Amino acid sequence: MFLTSVLILCSLAALSLGQKNNNFAPGRNTIVHLFEWHWDDIANECENFLGPKGFAGVQISPPAENTVIGDRPWWERYQPISYALNTRSGDESALASMIRRCNNAGVRIYVDAVFNHMSATSGIGTGGSSCDVEPSASPAVPYGSGDFHGRCTSNNYQDPNNIRNCWLSGLPDLDQSKDYVRDKILEYLNHLVDLGVAGFRVDAAKHMWPADLQVIYGRVKDLNTDHGFSQGSRPFFYQEVIDLGGEGVSKNEYTGFGTVLEFKYGTELGNAFQGNNALHNLENWGPAWGLLEGTDAVVFIDNHDNQRTGSGAILTYKNPRPYKMAIGFMLAHPYGTTRIMSSFSFDYNDQGPPTQGPGFNSVRNLHQWVGGANTGWRQILRVMVGFRNAVDGTSISNWWSDGNQQIAFGRGDKGFVAFTLAGDINGNLQTSLPAGSYCDIVSGKLENGSCTGKTVNVDGNGQAYITLSSGEDDGFLAIHVGAKV
């Protein structure tokens, strides 16, 4: 009996640990969220840019059918009406094709999975299904009123029962303790695993009981080996648990069976790179700041929600210089699994994605997309994703600061970065890099053996002469062994 119990516990521990494995292909380290992109466009991006440039994965918008709402706001994607795979991003056939093409390009797909709730808006869905909020009925699943928690408003963030059993923003709250509800959620998740996805961002995980989620995750299938995953590989789960401290639900409740989106990360870096906290304080960046252990955390500067509704601490594409610097720091630092944002420009918070033409099946307007077709953003994202890949497996070394708003650090003998928010850096800094000339990948690129930007010389003692002006557009430089002149 004792041996059986031990074996069961070991099996559960292995299962939970596997759900923290991001399933990246070797040599790749960063997820990009292609928010509201069409499936066909994502497939092309995987083949033509993300795969060749070393990106590890794509987080896609919710693929489940949602209610069609008024002016088609972005948030209608978070109002599921069924688990049919039919949205304005494309149908199931297009989704399946995209997943296969991206996997073939070495880029994994992570689904934004919404199963805390169903739609708060009665009406017709993107695939023609219907729902009625008043009796809490989603006949296309089907769910009936008995599958939901009783109506109450989620408004007391000191009370875990209120947070997890009441309706968030009027959204009918599913009861994940019920076997039937679990089974319907599992049908949805397992179908996506069959199609070849590598994992899930779990929307509103904070509003579901950890014990229920642990059961659901544990019953999701192993990943599909037809898509290049090793036998027995588990889906990667990263959970939306907004925890900035002082509430009744803690992010630590969710780390036993998956990773967690670390919201404190972007808030603190946003403050730092806007000059509200001196950069030199980042020397001990990580759990000492109240962050999760790095193996438990998926980190980001901004997301689709707080781009629009976040505090002044949140950096977005609308604050280009500090935003790029914060992204650069995130991708240069070894902490956490990194995720970057590719969104669209917007003038008001509810604004949906751009198109050319009268319907959402028309070709998207590339000029309104940020981090995709916009070549300036592609440059920063591409080179720093490449930097992270080049320095993988190394730790922080040779930390330097001026005691205020200038910092620099190495990644072992593989790379080195420097940042300034105030004043110029002109002088020798210690690195662990081999002697030679290196191309600053932020100001230029290595092309036919020459650097189109700054060249940084490292002597035989590892000393690098760094010149970085506080007036430069990007505010930082980066060199690594893969960009040696």
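Numbering starts at 1 and runs along the chain as it is shown here.
Each Cβ is built from the backbone N, Cα and C atoms, and glycine gets one as well.
Note that the structure is predicted; figures quoted are calculated from it, not measured.
Per Swiss-Prot, the feature signal peptide maps to 1-18.
Under the DSSP three-state reduction, Gln19 (pyrrolidone carboxylic acid) is assigned to coil, being neither helix nor strand. Gln19 (pyrrolidone carboxylic acid) has a Cβ environment of 22 other Cβ atoms inside 10 Å. Taken from Swiss-Prot, the feature pyrrolidone carboxylic acid applies to Gln19.
According to Swiss-Prot, the feature disulfide bond maps to Cys46-Cys102 (among others), an assignment based on similarity to another entry. Around Cys102 (disulfide bond), the same-chain residues at least 6 positions away in sequence with a Cβ under 8 Å from its Cβ are Ile42, Ala43, Cys46, Glu47, Leu50, Gly51, Val58, Arg108, Ile109.
Feature annotation from Swiss-Prot assigns Ca(2+) binding site to Asn116, Arg164, Asp173, His207; the stated evidence is similarity to another entry. Counting Cβ atoms from all protein chains shown, His207 (Ca(2+) binding site) has 23 others lying within 10 Å of its own Cβ.
Annotated disulfide bond per Swiss-Prot: Cys152-Cys166 (among others), in sequence order. Annotation for Cys152 (disulfide bond): same-chain Cβ neighbours under 8 Å, separated by at least 6 residues, are Asn162, Asn165, Cys166, Trp167.
In the shown protein chains, 22 other C-beta atoms lie within 10 A of the C-beta of Asn303 (chloride binding site). Sequence annotations record features per position, and here Swiss-Prot assigns chloride binding site to Arg201, Asn303, Arg339 based on similarity to another entry.
Counting every protein chain shown, 21 other Cβ atoms lie within 10 Å of the Cβ of Asp203 (active site, nucleophile). According to Swiss-Prot, the active site, nucleophile annotation covers Asp203.
According to Swiss-Prot, the feature active site, proton donor maps to Glu240. For Glu240 (active site, proton donor), other Cβ atoms within 10 Å of its Cβ number 20. Annotation note: Glu240 (active site, proton donor) sits in a coil segment as assigned by DSSP.
Under the heading disulfide bond, Swiss-Prot lists Cys439-Cys451 (among others), citing similarity to another entry as support. Around Cys451 (disulfide bond), the same-chain residues six or more apart in sequence whose CB sits under 8 Å from its CB are Ser437, Cys439, Asp440, Gly444, Lys445, Ala483, Val485, listed in sequence order. A strand conformation is recorded for Cys451 (disulfide bond) in the three-state DSSP classification.
Per Swiss-Prot, N-linked glycosylation site is recorded for Asn448. Counting every protein chain shown, the Cβ of Asn448 (N-linked glycosylation site) has 5 other Cβ atoms within 10 Å.
In sequence order, Ile31, His33, Gln59, Asp112, Tyr238, Glu240, Leu261, Val298, Phe300, His304, Met341 are the same-chain residues whose CB sits within 8 A of the CB centroid of Arg201, Asn303, Arg339, the residues recorded for chloride being left out.
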